[in-house]
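According to TrEMBL, the protein has these features:
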type	residues	note
BINDING	A:H114, A:H118, A:D308	Fe cation binding site
BINDING	A:L137, A:V138, A:S139, A:G140, A:G141, A:D171, A:G184, A:D188, A:N280	substrate binding site
COMPBIAS	A:348-365	compositional bias 'Basic and acidic residues'
DOMAIN	A:27-314	domain 'Gcp-like'
REGION	A:334-365	region 'Disordered'
Amino acid sequence: MADEPLVLGIETSCDETGVGVVRGTTLLADAIASSVDEHARFGGVVPEVASRAHLEAMVPTIDRALKEAGVSPKDLDGIAVTAGPGLAGALLVGVSAAKTYAYALGKPLYGVNHLASHICVDQLEHGALPEPTMALLVSGGHSSLLLSTDITADVRPMGATIDDAAGEAFDKIARVLNLGFPGGPVIDRYAREGDPKAIAFPRGLTGPRDPVYDFSFSGLKTSVARWIEAKRTAGEEVPVRDVAASFQEAVVDVLTRKAVRACKDEGVDHLMIGGGVAANSRLRALAQERCEAAGIRLRVPRPKLCTDNGAMVAALGAEMVARGRAASSWDLSADSSLPVTEPHVPGRPHDHDHVHETAKDNLYS
Amino acid sequence: MLLLALDTATPAVTVALHDGTDVVASSAQVDARRHGELLLPAVDRLLAGAGLRLDAVTGIVVGVGPGPYTGLRVGLMTADTFGLALGVPVYGLCTLDGLAYASDLAGPFVVATDARRKEVYWARYADPRTRLSDPAVDRPADIADEVAGLPAVGAGALLYPDAFPDVREPEHVSAAALAGLAAERLAAGEELAAPRPLYLRRPDAQVPKNYKVVTPK
Ligand SMILES: [Zn+2]
């Protein structure tokens, strides 16, 4: 246990300042500072507001994570950070902090992919990831179906949303229903008391000639909004619980159907679900039901690990160290559109050695 | 005393080491879009070139702007994190004060940097060490009266010759000047400000464009 890599991870791709500490696949700390309340009145994340909040929160959150983990920074084996994808300015705050921290401590730096981190976090909950693993990532920023044979080196996109992310649709519908932001938890709550079959909302991209693994939520969103508008125009009361339940059912029906189909087609007997929408109770229940029926083992981390956090970044960083992946160089940049196929951003081999030699020289008298 | 100074509030990425009496080493690169990539390697080269080690640093000095936010935050976050990792104090100085300090003007003058959107960040000075007004952000035409007849320092002045006909050196802030100013103030027993960013504008309350309005108006 003690010789498993001890890694601190920093996540700032959206509105959560996350710092986690992980030893191998064991979670030691998961400190979060969120600016979500500051975004609520805008109905979505405002990048500049998020970036300002990251700068304020970073040092206290690092302190808190180290205290929670009960480790000394000098014992760390590496610093990992989300290099992308995400909001460019927000990512840059985390990358700047991680680089400086790694450099000043004389530790290797690992710039890692946010999506791969969402998958890897499950190691903290259910132990080593099966290889291969099918992953359904659903949040306000992404809806992807990914297949990974090695989370540090090989992540293949199977399908993705062609328009809105699933979480975005939740936010939009919550706004139309005047339920506030973020929409996921509140829709889930109302839906529990509603009838999911009350209104037949469309299932996007499920026709026989549609792409098998891609998603579309824009049509659904519009259709729900129009339905609500029509009720209001007619002077009728909007049945909020039934709308929430029927809308939610349309989303999770498509997500689980396509995920299970991908598992079957690829002969993969494990499905992991991550991202903020994985906290949705109906998504969990329906996925469980359909996976059981198909003989697939479902792995969903606890909700706090599904939303953006530093522990997931640390988890992937620890895996990078364990598998001897190359560290990033000191000129690592934030890449708002880092492709999902790049689990980490290794430094160029030559530069990397050179810079690390210099760094060690600079640090130790 | 060994101060590590850095500033990323303008297109320049500038770093310096100062021993309390003199500048030990300094460097600057001008590239408005790559602050994040350039800063740490610049610090690394600075230390290596000076033959000094990071654990000799006793304090961090950082320009707190005003300046374009994304770049500004790179310097502030880096300074904060060095402070945390090394356990040394972090001192914030107004970036415009660094430009003023590096000028050799005797009388009253203005410092102006580029605030983009056809505006400048600016302040008035009595001399290189004495600022007369709080840093502000304005259109050059709107402050023409206030700066009339005064020589001006900084890249913001160069951009708007109508408002600033008499432009003097330097064009960019240097971390060396910031470090010198900080050393001077510390020696005089002055307390230096905490490193808080000078944004001067409210954040654009703009939700990303993929957040579309769904209900027809
Ligand atoms: Zn995410």
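Even glycines carry a Cβ here, placed using N, Cα and C.
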A:G184 (substrate binding site) versus binding-site residues A:H114, A:H118, A:D308 - nearest by Cα:
A:D308
Among the binding-site residues listed here, A:H114, A:H118, whose Cβ has the fewest other Cβ atoms inside 10 Å?
A:H114
Just checking: which of the binding-site residues A:L137, A:S139, A:G184 have a C-beta under 6 Å from ligand 1?
A:S139
Binding-site residues near A:H118 (Fe cation binding site), in sequence order, restricted to A:L137, A:G141, A:N280 and a 10 Å Cα cut-off:
A:L137
To the nearest whole angstrom, what is the C-alpha distance linking A:D308 (Fe cation binding site) and A:S139 (substrate binding site)?
9
Whole-number answer please: how many Å between the C-alpha atoms of A:G141 (substrate binding site) and A:H114 (Fe cation binding site)?
11
Please give the substrate site's span as the largest CA-CA distance among A:L137, A:V138, A:S139, A:G140, A:G141, A:D171, A:G184, A:D188, A:N280, to the nearest whole angstrom.
18
DSSP three-state assignment for A:S139 (substrate binding site):
coil
Long-range Cβ environment of A:S139 (substrate binding site), under 8 Å and at least 6 residues apart:
A:H118, A:A165, A:A166, A:G167, A:G275, A:G276, A:V277, A:T307, A:D308
Three-class DSSP secondary structure - A:H114 (Fe cation binding site):
helix
What is the set of residues, excluding A:H114, A:H118, A:D308, whose C-beta falls within 8 angstroms of the centroid of the C-beta atoms at the Fe cation site?
A:E11, A:S13, A:T82, A:G86, A:L115, A:S117, A:L137, A:S139, A:G274, A:G275, A:N309, A:M312, A:V313
Using all protein chains in view, find how many other C-beta atoms are within 10 Å of the C-beta of A:D308 (Fe cation binding site).
26
